[in-house]
Amino acid sequence: MSKANVRRNIMEKNRSPFREKEKPAQSILSKHLKKVYPIGLQRSNSSLSFSSLSLSLSQNSNDSSLTADSSTPLEQKISLALRLISQHPERREVSVPAKNFQHQPHQSHDNGDGEFRRCNWITKNSDKVYVAFHDECWGVPVYDDSQLFELLAMSGMLMDYNWTEIVKRRELFREAFAGFDPKIVAKMGEKEILEISSDKAIMLAESRVRCILDNAKCIMKIVDEYGSFSSYMWGQVNYKPMINKFRYPRNVPLRSPKAEVISKELLRRGFRFVGPVIVNSFMQAAGLTIDHLVDCFRYSECVSLAERPWRHI
């Protein structure tokens, strides 16, 4: 036998053990990774990083066969990693079926006792009529001239009364002021003024009654110019409610820059009792601005009404 043949035989003998070891190592590695990544792995030229092993393992990852002693350094690393994972089960994420991933509301509007969560100024001691006003009227965009006139008049009464006292007499006001139809109210004279101001149930001073009549006349002038009081008022906010995102009552202002601008405009047109605070209250009640607190159940409802595509234009 030549020296070349001897050398070739020696090299082949030295190579064969490594080849025999490589095959089982690959099969064992494949077996382990299928346990860790059931969906399989794509081939990559980069080396395997154990720090990238997901902690979201199935229950099969605790199979005792994965922790057996291995004969290669690579298998020892796999075994060590799996043992570390099994020793710290609290670090694993719970696998949740895809069907459970449904859209959930960002915030719950239930205060925990079965009642809707409302703005913080609505308490358990609040009068029912005030709660109903908050739940059904306050912040709802209004586009009817008579309703806007009514809310403007009621907001002006806040100089003498609170919302609860005003809302309780709401039907009496409607009866006295002909449903707040500005056409009719603008034509009322001294007789009606005396009758309304002398009504003890209504409790409105003569100056307040005259103010409401004067404002009705101003509204009729606006109707002649703009077609409706609604078009004029909504034009002040570009025909879209101003949506605020206040979280606490202290964040809600008594007056706003927009209310100050509108107040000056109304005063210029001859309106009375329309200061910035009153105008801001009017805007809140009429939905020209959405000032419900963000965790109030009415916030999202009023915002939806404000953003509907068929709103008044």
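Quick reminder: no glycine exception, Cβ is built from N, Cα and C everywhere.
Whatever TrEMBL says is automated annotation, not expert-curated.
Note that the coordinates shown come from a computational prediction; the quantities given were computed from them, not determined experimentally.
Look at TrEMBL and you will find CYS119, HIS134, HIS292, CYS296 tagged as Zn(2+) binding site. Sequence-distant contacts (6 or more apart, same chain, Cβ under 8 Å) of HIS292 (Zn(2+) binding site) comprise CYS119, TRP138, GLY139, ARG298, TYR299, CYS302.
Marked as compositional bias 'Basic and acidic residues' by TrEMBL: 9-24.
According to TrEMBL, the feature region 'Disordered' maps to 1-26.
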Other CB atoms, at most 10 A from the CB of CYS296 (Zn(2+) binding site): 23
Neighbour tally for CYS119 (Zn(2+) binding site), based on other Cβ positions within 10 Å of its Cβ: 21
In the chain carrying HIS134 (Zn(2+) binding site), residues 6 or more apart in sequence that have Cβ under 8 angstroms from it: ARG118, CYS119, ILE122, ARG298
